[in-house]
Amino acid sequence: MSGDHSHNEDQIDYASRVNDSHKQKDKYKEYKHKEHKKDKEREKSKHGNSDHKDLEKKYKDKEKEKMKHKDGSTDKHKDKHKEKRKEEKMKSLDGKIKKEKENGFASPPHVKSEPENDYHSPKYEKSLKRERDDDYEAEFKPKKIKTENDKKAKKRKQEDEDIKSKKTKSKKGEAADGKKKAKQEPEQKWKWWEEERYTDGVKWKFLEHKGPVFAPPYEPLPSNVKFYYDGKHMKLSPEAEEVATFFAKMLDHEYTTKDIFRKNFFKDWRKEMTAEEKSIITDLKKCNFTEMNEYFKAQSEARKAMTKEQKQKIKAENERLLQEYGFCIMDNHKERIANFRIEPPGLFRGRGDHPKMGMLKRRIRPQDIIINCSKDSKYPTPPPGTKWKEVRHDNKVTWLVSWTENIQGSIKYIMLNPSSRIKGEKDWQKYETARRLKKCVDRLRAQYREDWKSKEMRIRQRAVALYFIDKLALRAGNEKEEGETADTVGCCSLRVEHLKLYPENEGQEFVVEFDFLGKDSIRYYNRVPVEKRVFKNLQLFMENKEPDDDLFDRLNTSILNKHLQELMDGLTAKVFRTYNASITLQQQLKELTTADDNIPAKILSYNRANRAVAILCNHQRAPPKTFEKSMQNLQAKIDAKKDQLSDAKRELKSAKADAKVRRDEKSKKAVETKRKAVQRIEEQLMKLEVQATDREENKQIALGTSKLNYLDPRISVAW
DNA sequence: TGCTGCACTTAGTATTTTGATT
DNA sequence: AATCAAAATACTAAGTGCAGCA
């Protein structure tokens, strides 16, 4: 990697959501670190379903398999499973895998239900830590590592099981006490990543599910909750009332102050009114929803104040629903569905300056629903007296249910959970592609640098765009329909008005300033020095153009992607984001960690690295609502600690003085104790302070997204 | 070549749960 | 037991990219 591609955080300056101007006052500072957050995360990690971590394990295993193959096994399949079995010893599932293999994905037979909670030992990660000096690369190193690897794997498995079955709460120390008696797991996780994938476009052979769960019907308000128009009480028809409640529920939200939102809402609301209502209600400003609003607030208060039993009951009911509708059977396996509930009606909450915000999102009925399942499955039954729009059997797609949404006219789907085979495989592939990119990225970079000099405008534009995508991790930037969505852009759709060129800026040459709204109307602001050629090209591209003209007028995403496809199979613009996020993580980890750091220090480093990635990808969030308050609380804690510290110090002093006079064992001991106390408090204080800085720094940065979508779990595992 | 529709990933926010602390 | 922050999860909007068509 050439030097100018290292993404360091000072490249990226400050960014914020523009449509929320009060939130952007804080400058992005040099980030510091957080100690405990991750600490806790790892140390405890009780409840499973951390899909991500789960995946880490899967990848890990899969990789191991690959190594084995390289080691010269001939018959992939069998060997694979034999070895695996051996490894897993008595794990009770002998033959299971094999069977699956054989009857492939025939219809029903017996279905194995996967334990839905995939626990994942945090310790497991630790124990792996130095296992491999992995590189973010497709290179496997079969040799020596293998044996060691296997051993550890065994151990890890045990731990894994152990944790799983025990739901242990105690945070154990180091890996040492991890592997007690490994309990036998009755239910074995399905290791889809050890199986063959479908090749042709087929996504499954058998699919059975119960269909979606519809939103509960509207419950009219009690008669004492009134709506007033122009000061006068007015009883609304149920249809109009329902829509009114949508608005009433949002009264505290900024949305309801926005003109577009109000306008759209009012227009759609009127459509639901009776002729009479329509004739009376002509001005939203004269509508008084406060009683309704208060009613809903009271409702949610009441819900919070419910007794344990009541809460239990609701929980149980949810659980029942989940058990019944939350799973499907796909190719012999019971898999979790991500979103089995149909989106309830409400007001559309577009992000940024969305022209359609406030529009009524219709209630979805069975006759809007398309069911997808296999022919030989038991079809889901529509609610009594209703019909599905269609039942189809398309095994080239992964969705179970779809419907067309009325705001944008786009299609919504019900699909599987990320832990499912179908999603996991895709995710795995994504990182594989990114690894392949690593192998040829140098060549690609050389090429686009060359292309900056091309005689053809379209090639130059393509090359510069690619440079941005690579260096700054910009998104591709498909064009979008004007007026249908918020005005946001990505690389290919950048307009002249989105960048400023400075031949000279703060001591640096050829600085480009980006300022635009990207996905979700998150502001991207960055000032970055570029190479002279790029700069000259940009000047050229911007010549004689209006601010709202396209910067790359000879380029769009499909041209760019077509080009990328030629350079490397499967390469598209977004692969660069994955690649650069992952490589940044890896670099940062390398840079920040020293081999013999203690655990907290390592965790700290991991967090920093993670944050660097989030900054690179411009992942932001609105500062949490309770931010100010929680900050104050923390500050109070710090102050208290400080007091405590000075007290302790004083005590230490007097103890010392005392010891000097008395010169006996007892007083000496007392000094020691006091000294330790001071030390302890100092440590605690430091921790708190770090926490404070960290929280401040993290205010606007969202770490989750990168962790979830961009960072190859193998890097974390290897580390 | 451009357009559109579809399928799927990525994203931020809202809500719920957890677990630590007082 | 009450409170609160953080983590996990639910939700759904907003992207990407491809295929099929004219």
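Using the three backbone atoms N, Cα and C, a Cβ is placed for every residue, glycine included.
Taken from TrEMBL, the feature active site, O-(3'-phospho-DNA)-tyrosine intermediate covers A:TYR710. Contacts of A:TYR710 (active site, O-(3'-phospho-DNA)-tyrosine intermediate) defined by a Cβ separation under 8 A and a same-chain sequence distance of 6+ are given as A:ARG577, A:THR578, A:ALA581, A:SER582, A:VAL613, A:CYS617, in order along the sequence.
TrEMBL lists A:297-324 with the feature coiled coil.
Annotation source TrEMBL lists compositional bias 'Basic and acidic residues' at A:1-10 (among others).
Per TrEMBL, compositional bias 'Basic and acidic residues' is recorded for A:19-77 (among others).
Look at TrEMBL and you will find A:85-103 (among others) tagged as compositional bias 'Basic and acidic residues'.
For A:111-186 (among others), the entry in TrEMBL reads compositional bias 'Basic and acidic residues'.
When pLDDT values are averaged over the domain 'DNA topoisomerase I eukaryotic-type' (A:347-719), the model yields 90. Annotation comment: TrEMBL describes A:347-719 as domain 'DNA topoisomerase I eukaryotic-type'.
Annotation source TrEMBL lists region 'Disordered' at A:1-186 (among others).
The region 'Disordered' annotation in TrEMBL covers A:652-671 (among others). Taking Cβ pairs closer than 8 Å, the region 'Disordered' (A:652-671) reaches residues 677-678 in its own chain, all 6 or more past its ends.
DSSP states for the region 'Disordered' (A:652-671), grouped as helix (H, G, I), strand (E, B) and coil, give 18 helix, 0 strand, 2 coil. Under DSSP, A:TYR710 (active site, O-(3'-phospho-DNA)-tyrosine intermediate) is assigned to coil, being neither helix nor strand in the three-state scheme.
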